[in-house]
Amino acid sequence: MESTGGPYLNTAALTSPVGIARLLQMTFGCTTFSLVAHRGGFSAAYGTFCMFVWTFCFAITVFIITCEFTHLHSCLSLSWGNFTAAFAMLATLMSITAAVIYPLYFVQVGCYPIGCEVRDFRIAASVFAGLLFVTYATEVFLTRAKPGQVTSYMATISGLLKIVQAFVACIIFGALVNDSQYGKYVATQWCVAVYSFCFVVTVVVVAFSVTGKTALLWFPFERSVVIYTFGAVLLYTSAAVIWPVFCFDSKYGSPRRPGLCAKGKCHWDSQLVIAIFTYVNLLLYVLDLAYSQRIRFVSHL
C-alpha cells in the first residue's frame, strides 16, 4: 500500500547539498554556543553579541529546515526564496564577525588565570564558530543566482550586496555612537543623514523582497531599486569626501591620533572606522549598480 504521508514531507530539504549545509549549520551552531555556555564562558557586550549570533542563527536555521521539510513555508506570507537567501547572507556576515570577535577577546595561549579547561573549551568553540561561518558561506555559494538565471532577487549579487550594505551601515552606526563627535559640524551631520537614509531604504527594499509584496507597489520595483542605487552612490560619494575632510584635516580635526586618547574610547578611532567603512559601502553600492543592470528576478520564488 502506498504511504499517504510521503507527499507531505520533503526529504530533499535534508539530502540536497543545501539541506546538508543547513544540517551542518544547525550542528555547528548548537555545538558552539553549548561549549561557550557550559565552560567557555563569555562576558561584556562582545561576548553577549557572539552568543546572540550563534543562538539566533541556530533558531532561524531550525525554523527553515522544519518549514522546508514539512512544506509549511507554503503557508507563510513570505517570498521563501528571498527570505532564505537574505538570511544565509546575513548569517554569513554575523557568524564571521562572531568567529573573529570571540577568540580575539576570550582565547589566550596560556592557562593562567582562567584555567586550562576553560581555555580548551574556548578554543574548541572558536573552531566550531569558524566552521559555522564556512557552512553559511557555502549555502550562499550554492543558492546564489547563476548568470542568465531567473531567480529571486535576494539570491542575485545585487540582492546579496543589499544585505552587506545594511550590515556595513550597522558598523558605521556603532562607531557613530562611540563618541565620534559627529554633531560638531553640519557637514558631518549630513554624512550621518546619508548613512541613515541609505540604510533605511536598503532595509525597505529587502523587506519588500522578503515579504513578496513588490507586485503590490504602484511603481516598477526593479527600476526604482536601480534609481535608488544610483542615488546612493552619489550620496555616499559626498560622504566619502566630506567625512575625512572634517575629521582628519588639520583645520577641522586631527590628521593623527591624539596621544592621550584612551584605547576603545577615542573619537579619532571611531572617525577612522567610519571613514573606512564609508569607502567600503561606496564600493558596494557601485558594484550593486553595475550588477543591477544585468539581473532578472521574480518576487514569488
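In case you wondered, yes, glycine gets a Cβ from its N, Cα and C as well.
Residues or ranges marked as domain 'MARVEL' by TrEMBL: 13-148, 153-297. Under the heading transmembrane segment, TrEMBL lists 20-37, 44-65, 85-107, 119-137, 157-178, 190-219, 225-248, 272-291.
Taking Cβ pairs closer than 8 Å, the transmembrane segment (225-248) reaches residues 158, 184-185, 187-188, 190-191, 194-195, 197-198, 201-202, 205, 254-255, 268, 271, 274-275, 278-279, 281-282, 285-286, 288-289, 292-293 in its own chain, all 6 or more past its ends. Tertiary neighbourhood of the transmembrane segment (272-291): same-chain residues 156-158, 161-162, 164-165, 168-169, 171-172, 175-176, 180, 191, 195, 198, 226, 229-230, 232-233, 236-237, 239-240, 243-244, 247-248, 257, selected by CB-CB distance under 8 Å and a gap of 6+ residues from either end. A mean pLDDT of 90 is what the model gives for the domain 'MARVEL' (153-297). Across the domain 'MARVEL' (13-148), the DSSP tally of helix, strand and coil residues reads 113 helix, 0 strand, 23 coil. Helix, strand and coil counts under DSSP for the domain 'MARVEL' (153-297) come to 109 helix, 1 strand, 35 coil.
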